[in-house]
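Asker: Taken from TrEMBL, the feature domain 'RH1' applies to 1-45. Per TrEMBL, coiled coil is recorded for 110-193, 270-297. According to TrEMBL, the feature domain 'RH2' maps to 262-328.
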């Protein structure tokens, strides 16, 4: 009896654990899908940012090359102006006509040079403004890339935590399978025990089957009919008081202290235990399928980088201290009634 109670308690405990694990696995799978989607979107954003930065660098290099060309051209023009000034100083010694003609040409040349310099100055200012704006955009893109990298690290850390929780669930599942195999062996031993007892005590089992198939409201006429039946000859020889006592054992456990080989449970209880065992096996199969899908989805993820927050104890360890289950209360009440 204590073994059966312990088995049923553990089966009920495992059923409740599997129900809670199903909810956690679904939540983890949804979280993994969301994290994977966010990771892909962040990767696309990062690639786009890198392409934009590369384009900005190429544009900046092209503008720098243009600025260098402009500087070289301005240097050449400056050298030309210096030579023109030197020529003007030398021309002071020339006749007045030649000086006037040379001065007119130099004035026209200076005006053209001034126009070119003003135009280039305007272009340089515009290019400087564009370069400053490009630098600001580049800094903003770099900051956004850093934020995306930090967010990606956080998501990887959370994904690692989810993978460890899935591994813990897999370990719990393997432990549950081991205990379930032990309980299957124990149930098989109980079946063999019931079968041997049914062979050794066929006469008592016939009386018990007849008592469990009748209701508590049988009358004396039913007793006389059972006495006239050829299959119930032994029941007709029993006293009415003994037959009523047998009928009152319907749906109850029979305690026989001297006979230690008598089973300590009813057929309905054994049937319920087997049904619950089959339900647990089906739950285990479902959990295995979900874990396999989850593991296949998370195998290709890169390793987690950076520190990982510690999970709370109520998620990592299972609480073994629980209140009495319904099965234990049922058997305690039943044993107290039989003792009274």
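Cβ from N, Cα, C; glycine included.
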Asker: Which residues of the same chain, at least 6 past either end of the coiled coil (270-297), have a Cβ under 8 Å from a Cβ in it?
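Answerer: Same-chain contacts beyond the ends: 4, 7-8, 11-12, 14-15, 18, 21-22, 25, 28-29, 32-33, 36, 166, 169-170, 173, 176-177, 180, 183-184, 187, 190-191, 194.
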Asker: Treating G and I as helix alongside H, and B as strand alongside E, what does DSSP give for the domain 'RH1' (1-45) in helix, strand and coil?
Answerer: 44 helix, 0 strand, 1 coil
